[in-house]
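To start, the structure under review is shown below, and the notes come after it.
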Amino acid sequence: NLYQFKNMIQCTVPNRSWWHFANYGCYCGRGGSGTPVDDLDRCCQIHDNCYGEAEKISGCWPYIKTYTYESCQGTLTSCGANNKCAASVCDCDRVAANCFARATYNDKNYNIDFNARCQ
C-alpha cells in the first residue's frame, strides 16, 4: 500500500524525503502520461504499470493492500510470505524503491508543468 511504499522509499533513499517523489516528472504521483523525463520518472512509470497488472488479480487493490517485507538496510531484498495480491504489490513497491535508489534525482523535474511536458 502507499504507506508501506513510502516506508520502503525512506529505507532505500534515506537522504531525501519520500514526498519529493510524489510530484516528480510525468509518472511519480498522480496518474501519468507522455514520455518519462528521466530514469527516475521511468521507475515510476514501471511502478504504475506494475500496479495496473496487480489490479488484474481478483480483489486486488494495490493502493491499500498491506503486505509483509523484510526490514531494510539500504536495499530491500525480500517481500516475505504474502498471498498472490500482496506479493505482487510488495514486489512492485520493492522494485520501485530500489530503482529510486539507483536513479539520479533532478530538482528541475520536481513539480513540473504536467500539461506542457507530459502529453
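Cβ from N, Cα, C; glycine included.
Among the candidates D48, D91, D93, the residue that Swiss-Prot annotates alongside Y27, G29, G31 as binding Ca(2+) is D48. When Swiss-Prot is consulted, the disulfide partner of C118, picked from C26, C28, turns out to be C26. Of all the recorded positions in the list D48, C85, C90, C92, the shortest Cα-Cα distance to C28 (disulfide bond) is found for D48. Here the CA atom of Y27 (Ca(2+) binding site) lies 13 Å from the CA atom of C50 (disulfide bond). Rounded to a whole number, the C-alpha distance linking D93 (active site) with C99 (disulfide bond) is 10 angstrom. Each of the binding-site residues G29, G31 was ranked by the number of other C-beta atoms within 10 Å, and first place falls to G29.
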